[in-house]
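Participant: Quick one: structure below, then a few questions.
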Amino acid sequence: MMQAEMPNCNTCGEPVGFGPDGSGVFVGCHECNFPICKACLDYEIKEGITACLQCGTPYDGSLTNLDVVEKEQVTNTTMAGHLNSTPDAGLHARNISTVSTVDSDMISEGGNPIWKNRVESWKDKKSKKKKAVSKAAKEVQIPIDQQMDEKQESAGGMQPLSQIVPVPKSQITPYRVVIIVRLIILGLFFHYRITNPVESSYGLWLTSVICEIWFAISWVLDQFPKWYPINRVTFTDELSASRSVERTSSHYCKHRAFNPCRGLPVDKVSCYVSDDGAAMLSFESLVETAEFARKWVPFCKKFAIEPRAPEFYFSQKIDYLKDKVQPSFVKERRAMKRDYEEYKVRVNALVAKAQKTPDEGWTMQDGTPWPGNNTRDHPGMIQVFLGHSGAHDIEGNELPRLVYVSREKRPDINTTKKPVRVSAILTNAPYILNLDCDHYVNNSKAVREAMCFLMDPQVGRDVCYIQFPQRFDGIDRSDRYANRNTVFFDVNMKGLDGIQGPVYVGTGCVFYRQALYGYGPQSLPTLPKPSSSSSCCCCGPKKPKKDLEEFQRDSRRDDLNAAIFNLKEIEKTFGMSSVFIESTLMEHGGLAESANPATMINEAIHVISCGYEEKTAWGKEIGWIYGSVTEDILTGFKMHCRGWRSIYCMPVRPAFKGSAPINLSDRLHQVLRWALGSVEIFLSRHCPLWYGWGGGRLKLLQRLAYINTIVYPFTSLPLVAYCTLPAICLLTGKFIIPTLSNLAAVWFLGLFLSIITTSVLEIRWSGVSIEELWRNEQFWVIGGVSAHLFAVFQGFLKMLAGVDTNFTVTTKAAMISSSGSST
């Protein structure tokens, strides 16, 4: 049980103090509870700042918009002795709070759920606010056109935080010209091939023509989405220089990643570790990691350590004395390395002890069984480490909150992924950073670059996520298995960034939470609702189309009824948790008013229960979309169909790094999983060939890119056939091409030259080396005749026969080291 401290003013840093009657904490804006003291508020009003710096709500007069929040005891459920560093560091878990279900449908005295009453009150507040603003405008009697000019000048005065840097015309124009020339040559080539059949081997000729047509279509799908490649730069200095933007940034920068020391306010960062296996080893390792972080975090901040993952920092073969002018650095670094080696010894001891599970299962310190002994049947578990009222670092400073989450599992229920609802209950930050367990933060300033895009006054309103490229450690110099996937990350993704944005690749991505909830971007226009009296002379009254209704629902965010889809259906959309439902309505994040601190852990465990998603829109319209092992592609596709755009961020220093497959078998298993996911999407209702045409919010080139991501495994069929044709021709003495004329030779020669020229020009504007391009083409053939082919068969087997095949998780080198060192 912990008591909350009084918030500090965001302007002067002093406690905000109490309200006029002294009965509660002073609050300057009752819309968002922005922390500001009365003295600073009076000064800002005197200086002409008449609206809240966080949410923009105008102050009514001088102090009529002020409100007082009653004092309350903030409680939290914690684990007894979760940081008890005893000499016996064996695998013996501390007591953990577990709850399977919670009755969260709180009813008011009127008999209605509390969240419904609160929504109604918010609607009343919004209508009153609009009336007050319109009344004030009438009193001042400013012409409408003049009001619009003032708004434009005000918006134009905000400094942009990012800038688009197009690829130079000298590089991209020849590239586009060659693409068009190659398209023309393809047309002439196919005209010759179709008009000159080989009668003596008609079957072989027809097979070759079909394969060549498919290769041409595949090339078009891959090439044209790269028509507008761009680069981007960010102005991180502007993010801190602007007074209002800095305040907003410190309020927004709550992220969900296992890396607290990245140069952001610690009170705005929360790290959630999702343990799907409910392993006691993971929990005990996290306990040791939390203890080690108390020393490691201040060391990183003091000496600007990069990267912040100790395993990779201490293994660097560089001059660590470079640019470190503090005399104490060498001494403290040696001490820290010694502490880290001791930390690894303790973690390795846990790993060794976990190799043999006791017959009676693992037990916690109080003697009770570990709730996750049965990995397929256990309750939900949540434990909060560190944080606002938890352990501080060795210098007494606050550390980011660290939360362990293990979702409830039952044998007869398919449990879903991603603890996004838990974070909504406990912290509800507007932005979420998603990282895989084998990734670590290589650039501590990467998240600040992402915030430059998300908070940019020009583009930030339409951005659903910021995708970073994947970079890997431990790859051999020649990259024989094409693990770096450079062509995709440095060519295709940069091209998509110039259209509607890169696809979501499953990790290294900063999300805007509201986009995950199924809302549309703010900039979408409002469509008039079709009149019920409209009719056609032959078919009577017209019924509104489903796509039109969805477009109206997503576009009108300023209308609360549209923003929550439908007040009567909201429980069917988000589930039966009043606290969570209220959190989804908060565009700028923050805890819901109905969140009772005494029951927050219980409420959080309720939203990760197995039955919570039953009869809801989770996995179908909101959150991560299920139905494919590559749910990342599907999730990003749904967001783009709603009108959102994404942004590709490529810092000079790679933002995140991960582990790559170390042998051909693991690499092919990885490629098989990706290809199987694409086939599943192709055979689902979300196939880009037919999904989302009515709204018109997915750009054509973006749709071509998504079609390419789901049909590429089918290229394995013509690839195998085309590779087999030469052998058949040699055995039968027949050929697939007739005797060439001079004109036909020109078309063949022009086709090969255009292929080479396109590759050379693509290398020029993208910066990809010839070796990387060659490795990509080489492994495309290897995967095409093996993993892609099996993925097509498995996909159809699953659809036609209902036989589900499980994918093999890629082997990760030094998994414990990677996850334990990302502190």
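Yeah, the Cβs are placed from backbone N, Cα and C, and that goes for glycine too.
Grabbed the feature section from TrEMBL, which reads as follows:
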- 7-60: domain 'Cellulose synthase RING-type zinc finger' (DOMAIN)
- D276: active site (ACT_SITE)
- D276, K417: UDP-alpha-D-glucose binding site (BINDING)
- K418, D436: Mn(2+) binding site (BINDING)
- D632: active site (ACT_SITE)
- 710-731: transmembrane segment (TRANSMEM)
- 743-767: transmembrane segment (TRANSMEM)
- 779-797: transmembrane segment (TRANSMEM)
Participant: Let me know the most crowded of the recorded positions, choosing from D436, D632 and counting other Cβ atoms within 10 Å.
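Facilitator: That would be D632, with the most Cβ atoms nearby.
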Participant: Can you tell me which parts of the same chain pack against the transmembrane segment (710-731), counting only residues 6+ beyond its ends and a CB-CB cutoff under 8 A?
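Facilitator: Cβ under 8 Å, 6 or more out: 201, 204, 207-208, 210-212, 214-215, 218, 221, 633, 675-676, 678-679, 681-682, 687-688, 781, 784-785, 788-789, 791-792, 795.
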Participant: Using Cβ atoms and a strict cutoff of less than 8 Å, what residues sit near the transmembrane segment (743-767) while being 6 or more residues removed from its termini?
Facilitator: 167-168, 171-172, 174-175, 178-179, 181-182, 185-186, 188-189, 192, 196, 223, 226, 229, 490-491, 494, 773
Participant: From the Cα of D632 (active site) across to the Cα of D276 (active site), what is the distance in angstrom?
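Facilitator: It is 18 Å, counting Cα to Cα.
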Participant: Tell me, what is the mean pLDDT of the domain 'Cellulose synthase RING-type zinc finger' (7-60)?
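Facilitator: The answer is 73, the mean pLDDT of the model over that range.
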Participant: Let's check the environment of D276 (active site): how many other CB atoms sit within 10 Å of its CB?
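Facilitator: That number is 15.
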Participant: Cα of D632 (active site) to Cα of D436 (Mn(2+) binding site): how many Å, rounded?
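Facilitator: Each residue's Cα considered, D632 (active site) and D436 (Mn(2+) binding site) end up 12 Å apart.
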